[in-house]
Amino acid sequence: MVDNAPVSDKTFAHLMVGLGLRPENGPVAVAVSGGADSMALVRLAARWGAVVALSVDHGLRPEASLELDRVGAWLKPLGILHDRLHWDGPKPASDLQAAARAARYRLLEERCRERGIHALLLAHHQNDQAETLLLRLARGSGVWGLGGMAAVAPALTHISLQNGRPLRRYRPLLSLPKARLIATCKAFSQEWIEDPSNRNLSYDRSHARALLDNPPLSGLTARRLAQTAQHMRRAGEALDHYAQDLMARCVVFSAQGYVTVQRTGFQTAPLEIQLRLLSRLLMFVGGAIYPPRLTGLEALLAEMGAAGFKGATLRGCRVFLQDGEQVIICREEAACAAPLPIKPGETVFWDGRIRASLDAKQKPAMVGALGDAGWRYLCKEGQDIDKALPYPVRLSLPALWRDGRVVAVPFLGWRGYGAGFSTELMARQSVFEAMPDVEQE
């Protein structure tokens, strides 16, 4: 098929099946900004099955509200349900793009949860993938980063549907060039909105886009770069295979959320496999969305192998040596989330990794890290608690606080004055599930 032909219903259905999506599995949500990419996607998806269009007004441009009015006017005659979401509240003075991206995904994924939708479709295409690869090359990314965006990725927020089914993000257009999406809009006589920021050279991605428009080397095309990203992703999957084997031999997982690594066995593996597994373990323990930077990982790995290694921190985790052979990776207390209010009968997610529930008969309280003060309070009170856990592990354990004192720490086997309080480790993903990724660096 030529690179500027409209996408047919048959082609789109084939792309969706390749992602494991079928119309009979229920409605899907489509993130719609009004650009040609997302308008092509929502039109194709609506012909494929039941859809809900989701648009986010970040409140950053005065014309954004009018643009979403236009999107709604386009979708209404087609019978496509359109939800408008708003990023309210104060905006940060720095790193606004990253904050807006995080808010956008949070709003999109929360609405999916509210509607019981398990699949969020994103309109990223081949050109986006090529730009992502260029940006990550410039950043010195490793195999992971050079794999670009995944066609299927976990949710960025800690959300699962009420039936326990995970929410995932899907990119059915990732193998298609932008020209085909524009042609698809034209075939539908569908208008779209041009975002002027796409050509704003104050953004690195705009520079990458301009480079692809006028490549300095023959063959440096979006298609070739996207193929390279695919090759790197396959290489990453192979590395994961061997990293999982290393994990089975050298890593022990604790119910309290920390891991123990047998240092000698770990160090026998090739360096790239060590880096791969270490990154995954840090994400798992810390509840992080994104992997650590390669430079930070390499520095930590070098420290771990040094004769005088005592401890280090990275990506919200504390890494330290115990008994000369065991490396413990636990959550860093200083990186834990702020205490979170919990009401009677409520279940809350704290620190991106803990699901906490309070019995309806209990009084309101706060969920937060135990910390040194909490630990000393328990010892002073002479409570019957589990003292076998390494001290740094205890500090980051979830505790129920009320009126400035600890009333329960289930992970220490003590429910004290909060018998109706329970905590459960909710890993954002299994250690080697598909990696979440960043679309816009």
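Quick reminder: no glycine exception, Cβ is built from N, Cα and C everywhere.
Marked as domain 'tRNA(Ile)-lysidine/2-thiocytidine synthase N-terminal' by TrEMBL: 28-209. Residues annotated as ATP binding site in TrEMBL: SER33, GLY34, GLY35, ALA36, ASP37, SER38.
Ranking the binding-site residues SER33, SER38 by how many Cβ atoms sit within 10 Å of each one's Cβ puts SER38 at the top. Every protein chain considered, the tally of other Cβ atoms within 10 Å of the Cβ of ASP37 (ATP binding site) stands at 24. Most Cβ neighbours within 10 Å among the binding-site residues GLY34, GLY35: this distinction goes to GLY34. In sequence order, LYS178, LEU181, ILE182, CYS185, TRP192 are the residues near ALA36 (ATP binding site), counting only same-chain partners six or more apart with C-beta under 8 A. Note: the ATP site is recorded as SER33, GLY34, GLY35, ALA36, ASP37, SER38; in the same chain, VAL32, MET39, ALA40, ALA123, TRP192, ILE193, ASP195 also have Cβ atoms within 8 Å of that site's Cβ centroid.
Classification of ASP37 (ATP binding site) by DSSP places it within a helix. Averaged over the domain 'tRNA(Ile)-lysidine/2-thiocytidine synthase N-terminal' (28-209), the predicted model reaches a pLDDT of 91.
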